[in-house]
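Data block below; observations after.
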């Protein structure tokens, strides 16, 4: 067991884990990953690297972060860090009490104890309790001994908690237009669930009542809030309000407002055969009066073409909240534009072979529903990392040792636990203060 | 107080020229062993920094967001942070006054480069209205400034090691350069790490995910791990001297690639706003 622990806390292993992790992450930037690769990029990469495909597929390198071996590697690293933190705790306690005068530089000789303490205090060194007056020790930033311990403990906690979140977390996203309700049995727009989590279900029907958008003096959206109603299975209605950067909570769930929101245009398109088709196309909120917001291309069952739209906030270009947007509709054949028309509310136009009418405009918003367990531990880990890192790198302990001589005065030694030459000036100032008044 | 576009351009070029003058004096101070020249250089740099601060504040008020949306704003604020870091460093560590010889040219080149980008006002997405974003960006900029100073010391180490003649004699000793380079690597590492964690908190607050393996996030973690490996090698494996300096320069190059190349070339959420 001791041998295993020694192996787990070996410095070579730590270095290997750091370099191995960096190399693995680099690999994930070279091999396209399913989670973020652009459409076609993955297939193009595979076509150009046929000789490597057996290895890529064996290790599932197109989805590195979701692999059990990746989670196992993370947990192994967390365990190694936790064990090494335990050792560092013992080492920090030892160092705090240790007499390191034999390894320190001689700073001054024949210094009375009172003078030693006075000079030490004046330079920020605190006397530590020592056994007898034979040897005394003063330390600047004694908590610095524990900085490295905290840094490593924080990293271990953050990795461990992140792994729990990744394995048990789940989320789903949905797009709602004002007045629309989504039921629990309906599919999500997109969803994810960790290996140990069941798929997420809404706890009741979720209705979008209204989307409110506030603008600043530069006409930039400063606040976006969706007012919602959740109807529980028992029939009770719960009012909810999700806003960008303001999370709504319902039980274990958190509801996030996405940055995707805008106007949904209700259209009626009438073909040459007299058949009328109604569609609703969601356009992203324009970022300014002069710039348009754009929709995704919309495929329909009744047309061989894709329908796309862009819109401006105000047909007169005066106000982001005019309620009178201008929408430009296009029929696309792949990348080629087949027809185009511009409409305001209630207006009719011609779009290729269709007569099209803009019947109404409502707001839409994309919401993200999240169920994550362990985030508190992740953030606690972050806090410990920050505390440990700042202590370790900004406040390395400096030690002053006094060794009593036969005449009752002290030989004074100084040393720093890290960054030796960086504190030479402090050492020299201290030495000057200790020697002051001596011949 | 507001400035017209032309006044703003002229004022920014004035700051560039002040930093150029500061660099010339700093170099002359080291070259001719004249502390007075070096002091004049730092006074000019301080005045330039004051004017630069006013220009950044005016721009902030005009566009309604901090200097982190357009490339010109990003480069300008990076240059500001390098000069500010340099002045703090000179105050805290007087032995390192020669750092201005390389850090000031880095600052004026960044600021000059910023003037060639479109200064148009970028809209601020609503998700960017978070204090965590400001903390996230500010810490990366502090980290960049400390890494620039550390890298300058590593370069000085290599130059002095090669030849200790002429102006190099007036640099601090090899041991001092080596120790401070290591210390600034530690500063860079911790500020980089905290900046990354602040970004993670911001992402969780805005999108419900604290880590998304976005290419810029991944490169930021690679940089963090690379600097961590350097620090481990120094502390536990006796990495020092020439090899240590080269390793640190390697870490610095990776951090620059992450900040200036990966965040704009890759299909990252960061690229959406910095293109």
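Placement of Cβ uses the backbone N, Cα and C atoms for every residue, glycine included.
TrEMBL does not curate its annotations; it predicts them automatically.
Features reported for this protein in TrEMBL:
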{"type": "TRANSMEM", "residues": "B:6-28", "note": "transmembrane segment"}
{"type": "TRANSMEM", "residues": "B:40-58", "note": "transmembrane segment"}
{"type": "TRANSMEM", "residues": "B:96-117", "note": "transmembrane segment"}
{"type": "DOMAIN", "residues": "B:97-266", "note": "domain 'Cytochrome c assembly protein'"}
{"type": "TRANSMEM", "residues": "B:137-159", "note": "transmembrane segment"}
{"type": "TRANSMEM", "residues": "B:180-204", "note": "transmembrane segment"}
{"type": "TRANSMEM", "residues": "B:216-233", "note": "transmembrane segment"}
{"type": "TRANSMEM", "residues": "B:245-269", "note": "transmembrane segment"}
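By number of Cβ pairs under 8 Å, the transmembrane segment (B:180-204) is matched best by B:137-159 from the list B:6-28, B:137-159, B:216-233.
Among the stretches B:6-28, B:216-233, B:245-269, the one making the largest number of Cβ pairs under 8 Å with the transmembrane segment (B:137-159) is B:245-269. Averaged over the domain 'Cytochrome c assembly protein' (B:97-266), the predicted model reaches a pLDDT of 92. Remote same-chain residues near the transmembrane segment (B:216-233) are listed as 182, 185-186, 188-189, 192-193, 196, 199, 239, 244, 247-248, 250-251, 254-255, 257-258, 262-263, 266, 268-271 (criterion: CB distance under 8 Å, separation of at least six residues from the stretch ends).
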